[in-house]
Structures are given as C-alpha cells and as structure tokens.
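Undergrad: TrEMBL lists these features:
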- 14-187: domain 'GTP cyclohydrolase I' (DOMAIN)
- CYS81, HIS84, CYS152: Zn(2+) binding site (BINDING)
Amino acid sequence: MKTFNNEQILKLQTGVTDLLAAIGDDPDRSGVIETPERVVKAHAEIFAHTGETQFSDYKLFDTTQDADMVVVEGIPFYSMCEHHLLPFFGTVDVSYVPDGEIIGLSKVPRLVDWASRRPSVQENLTHLIADEMQRIVHPKGLAVNVTARHMCMEMRGINQPGTQTNTSIYRDLLKTDTFLRDSFARRVSQR
Ligand SMILES: Nc1nc2c(ncn2[C@@H]2O[C@H](COP(=O)(O)OP(=O)(O)OP(=O)(O)O)[C@@H](O)[C@H]2O)c(=O)[nH]1
Ligand SMILES: [Zn+2]
C-alpha cells in the first residue's frame, strides 16, 4: 500500500469533498461524511505503484534444464484507465523461454499486480509487463497477452457492456517459432 504524506491526504480529501458537492450531493450527509477518508485509503491501494519504473520484488534461480516454454496464465488484474479514472480489469497470460535463469513463479502475478496499480492504458500496461520480464529474466522468447473489460466503454460513453479488448506482445522465439507461438496462442484463446 502507498503511504501518502499529509499534504497529499489533504489534497485528496478536499478533492473528493469538492467532487461530491460539484455533482450535487451534500458532502455533510451521514452516508458520505467519511467517504473522502475512505477514498484516500482505497487510492493508496489502487494506485500503490504510481510513478515506479522498476519491479524489484523477485527471485531468480539458475537452471540447467531449460524448459521449451513456461506459461503462467489467467492472472487476474485490476487497473484504472488514465483517461476516465474508471476501472479496467481482466487477465494476463505470460510466457517465456528461459535462457539459463527462471523467475520464481509467484513473482509473475506480483509483477502483473505491480504494473496494474497506477493510471494506465491497456497497451502501456502490456508493454510494462513485457519490458520488466525482459529486463529481469532476459529470456530467449517472451509473450504477454492481456484481455480486459473497460468500464469507460461499458457504463458510459459508447455503453457497450461485455466488450473485451485484447492486447498482446510476442518477442524473439515466441514470435519467430511458429510451434511455440501457436501453442501459447491456442492455450490462451481456449480459456
Ligand atoms: N487505446 C486505448 N484507449 C483507451 C483505453 N482506455 C480508454 N480508452 C479510450 O480513450 C479514448 C478517449 O477518447 P476521448 O474522445 O478523449 O474521450 P471521450 O469523449 O470520453 O470518449 P468516449 O469514450 O468515446 O466517449 C476513448 O476512445 C476510450 O475508449 C485503453 O486502455 N487503450
Ligand atoms: Zn477510459
């Protein structure tokens, strides 16, 4: 969880009170009187890694038994679209071909969670996960596949409930080796 300083807390609370008043609500009514405080706490979680450029909570292990391909699939994530500050959420699938080193399995969902907790767009989230996997594991091949629903497309604007957006990145062996690429793509499309 992020720790906001007193100045940030005051700004956030004032902002939420002003927003409630601006939409025509009464910021002093009992139902919302504690809302500014709650929103600060919620934002401390939702935006916990805003501004951070490098994921650091990982462990690598040497291996002499390289697998053809490691797949961690169906990792749930929740993020906030930077255009409307509304949620977008879904799943991430990550695959890599090791080159002498492997990452602790739980660290892949941790990386996804780290990357998600900031204002973003789906394409940039996909790139951030791919770039950090590349920097940390320097694999022989890498694929990141993100499928998400965007509340800014579902509950407002174009109002299209259920629309899904897919973004993917394929690099090196997972791009050039059709067997590896197709088996990853088949796995994630069948889920
Ligand atoms: N590429 C991309 N676009 C996104 C993402 N999240 C939201 N958007 C889009 O950002 C665009 C912002 O367009 P604007 O015309 O500035 O804003 P708007 O008037 O609220 O647009 P509408 O949503 O069409 O009503 C919209 O088309 C959104 O669908 C994302 O993760 N990736
Ligand atoms: Zn949006």
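Using N, Cα and C of the backbone, Cβ positions are placed for all residues, glycine too.
Walk me through where these features lie, including what they touch and how far apart they are.
TA: The Cβ neighbour count for HIS84 (Zn(2+) binding site), using a 10 Å radius over every protein chain in view, is 16.
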Undergrad: Measure the Cβ-based neighbour count of CYS152 (Zn(2+) binding site), defined as the other Cβ atoms within 10 Å of its Cβ.
TA: 16
Undergrad: Tell me, roughly as an integer, the mean pLDDT over the domain 'GTP cyclohydrolase I' (14-187).
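TA: Result for the domain 'GTP cyclohydrolase I' (14-187): average pLDDT 97.
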